[in-house]
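Undergrad: Annotation source Swiss-Prot lists carbamoyl phosphate binding site at 49, 50, 99, 126, 129, 252, 253. Sequence annotations record features per position, and here Swiss-Prot assigns L-aspartate binding site to 77, 159, 211 based on sequence analysis.
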């Protein structure tokens, strides 16, 4: 794997391999590389979980983390992202994890020697989040085939929804969508069925909630926090209708008492904290796959 830019670029075999490697890392597997590797985390949007779990993953792998602060970089002087990455490549950085507000920011960067991991591109995709979600689901159910998965909330503005709906359908899951119609893109119907939340909760094995992305709205939102929770959120009453073995997921950050009732965030059915934990192991698997391929290509070049 040279880069990780989108879920669509991964084959089912590659996905299964990454999930298997993540499981091994969770059981204590150690990675070894023939040469010292360097990574840089370039975040142009706020992040807590993605940024910190990539850094923890890098350090667990023995990868040196190169500091980067967008606000104090030469990009504030007009340097392009391409030239910034060219610099990182020139000084010996192996992989760049990038979070950016622009969708498809990585177009035109793929042919650089430095590997690129998409840490989220606007409303586009979030492949490492999607992979950790898959890892969490597989840990619970052992398969994706035939699972009923709900994606509920601010779907139109969610890169997580965009990644997950495509890959879950490929893996054999049945998808359901819910949330405000004005925040729903009809193109999603190619992947699943839209249902009112009260009808959906009784059907699904996985209830995947999405954050209301206030920063991507025009500022004229139609709902107060209280009205959103009442109409579309996972309330205590709705959660009581979930199947006995159903799980609750959320990519975080969570708006408590908006998408989900406060007391449900750390409840028995919730896998929200587990998702955060699993993020480290799946990101270790991603980085290992990229760095091992770099080692293999370097070895071939010596012959």
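Cβ atoms are placed via backbone N, Cα and C, with glycine included.
Can you tell me where each of these features sits in the structure?
TA: For residue 50 (carbamoyl phosphate binding site), other Cβ atoms within 10 Å of its Cβ number 23. In the three-state DSSP reading, residue 50 (carbamoyl phosphate binding site) counts as helix.
For residue 159 (L-aspartate binding site), the Cβ neighbour count at a 10 Å cut-off comes to 22, with all displayed protein chains included.
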Undergrad: With DSSP assignments reduced to helix, strand and coil, which class does residue 159 (L-aspartate binding site) get?
TA: helix
Undergrad: Could you check which of these binding-site residues, 77, 159, 211, sit within 10 Å of residue 253 (carbamoyl phosphate binding site), going Cα to Cα?
TA: 211
Undergrad: Could you check which of the binding-site residues (49, 126, 129, 252) sits closest to residue 159 (L-aspartate binding site), going Cα to Cα?
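TA: Among 49, 126, 129, 252, 126.
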Undergrad: How would DSSP class residue 99 (carbamoyl phosphate binding site) in three states?
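TA: DSSP assigns residue 99 (carbamoyl phosphate binding site) to strand.
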Undergrad: When you tally the Cβ atoms that lie within 10 Å of each candidate's Cβ, which of the binding-site residues (129, 252) has the highest tally?
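TA: The largest 10 Å Cβ neighbour count belongs to 129.
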Undergrad: Select the most exposed residue of 77, 126, 211, where exposure means the fewest other Cβ atoms within 10 Å, treating these as the binding-site residues.
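TA: Output over binding-site residues 77, 126, 211: least Cβ neighbours within 10 Å is 77.
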